[in-house]
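Per TrEMBL, these features apply:
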type	residues	note
DOMAIN	111-523	domain 'Major facilitator superfamily (MFS) profile'
TRANSMEM	148-169	transmembrane segment
TRANSMEM	176-196	transmembrane segment
TRANSMEM	202-225	transmembrane segment
TRANSMEM	237-259	transmembrane segment
TRANSMEM	265-284	transmembrane segment
TRANSMEM	337-357	transmembrane segment
TRANSMEM	377-398	transmembrane segment
TRANSMEM	410-429	transmembrane segment
TRANSMEM	435-455	transmembrane segment
TRANSMEM	467-491	transmembrane segment
TRANSMEM	497-516	transmembrane segment
């Protein structure tokens, strides 16, 4: 054998010295290639002891000795500070845990930060019309009822896209579909001023297209988080993404009047639309659809994600999703209906509060509309904060041994029972400040739902999480339309908002009971008939 590492050569003695923490450059492994971190050099007694000067040479010669003399092409040159912090070799039990410092500087957090920014733009583009509708109505002479039709045109499009969008997400992946969705809704937002100036039909079409495009946002978010995050970090990731979603409400409500004062009625539409186009460029160039395709991810982080994902039945390990999902089997399982009911109730409360609370403060507590907007914006900031804290707590429960099923039920119970109690308190509030405090509590506790049903979609069916999200989101949109329109009719018939708030509180209690009864944190087998507790994903 023509190898510089010959057994006939005299054995030399060296010290292991500085070879304890070498900086490794990850190479693409082949079938015949020995991975260097699997070799304990201290046990290679036939080589004697090797020092740091010859350590890398021994590694290369061992690769040659494996039987394949091929050029090792480097896949990643980057060695991050995380590798140095945790050491280049996995620990004895494998890569099992991740510190906060590693987590917050990781590639997967960059992905979820981009998702949070897209969801912030999603909601900002959505709520800007609620601010612009007042000057638009005055300029065009629209009645209040017709102004409601213009605002509801968003929900027309949002009603039809989640199922189709979820199916596309499962088939093509979250990165591509999200880029198309943000580009389309940014274009619809950007063209809204032109549409409003030219024809009413064009304006309604632009708002409907905004709804169609935004229908893919949450299924894409779920898909990307399922690919990038292990189950022990998934609720934290969803909470971070949804924090952006809630902050989008506050951003849209507070920045729109400022932008209108500087750039006219259509200023916010142009600015938010351009921000969306910029986001798409960064998203396509700086993120990857899966961790193993990322050229920027560190070796430590990739090993950590892949090891955890093997234990939690990764999405990527399954065959590619059928283009036409098994809708009949999906709807035949009660865990599916627990998600549908939870999403419907969540959307009912979300859109009722978003649409009617400014008017509630104005009519019940006689607060100026501008002040009412600020009173209504504060709870969304609270929701962003409590949502992240709920994600941390949820992940901690799972890491400490609480089953995923019980964790989801705890989170969802707080997310529904909490707002139910707070809305009862809101009906008894005597001052605007007290009412705002109760409303902030209701919306803040509502964020716990994101660590309940919203993460549960990925767990019971990671292979169909997109279409499941689409089904439940469609039900949620129906509930949002009924709740938003029904609130107006209810107030006209009964004569008070308090009665409708009490009705919403009762529905929250009933939805919580339904979810507790029928939900599960286990993988549901939607490809065969039979029991749904077919796979366990608890870690």
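For all residues, glycine too, the Cβ spot is worked out from N, Cα and C.
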Stretch contact, the transmembrane segment (497-516) with the transmembrane segment (237-259), Cβ-Cβ under 8 Å, 3+ pairs: no
The transmembrane segment (148-169) and the transmembrane segment (467-491) contact flag, 3+ Cβ pairs under 8 angstroms: yes
Cβ contacts the transmembrane segment (435-455)/the transmembrane segment (176-196), at least three under 8 Å, sequence gap 6 or more: no
For the transmembrane segment (265-284), sequence-distant contacts whose Cβ falls under 8 Å of one of its Cβ atoms, 6 or more beyond its ends: 114, 117-118, 121, 124-125, 128, 131-132, 135-136, 139, 175, 178-179, 182-183, 185-187, 189-193, 196, 252, 255-256, 259
Arithmetic mean of per-residue pLDDT over the domain 'Major facilitator superfamily (MFS) profile' (111-523): 85
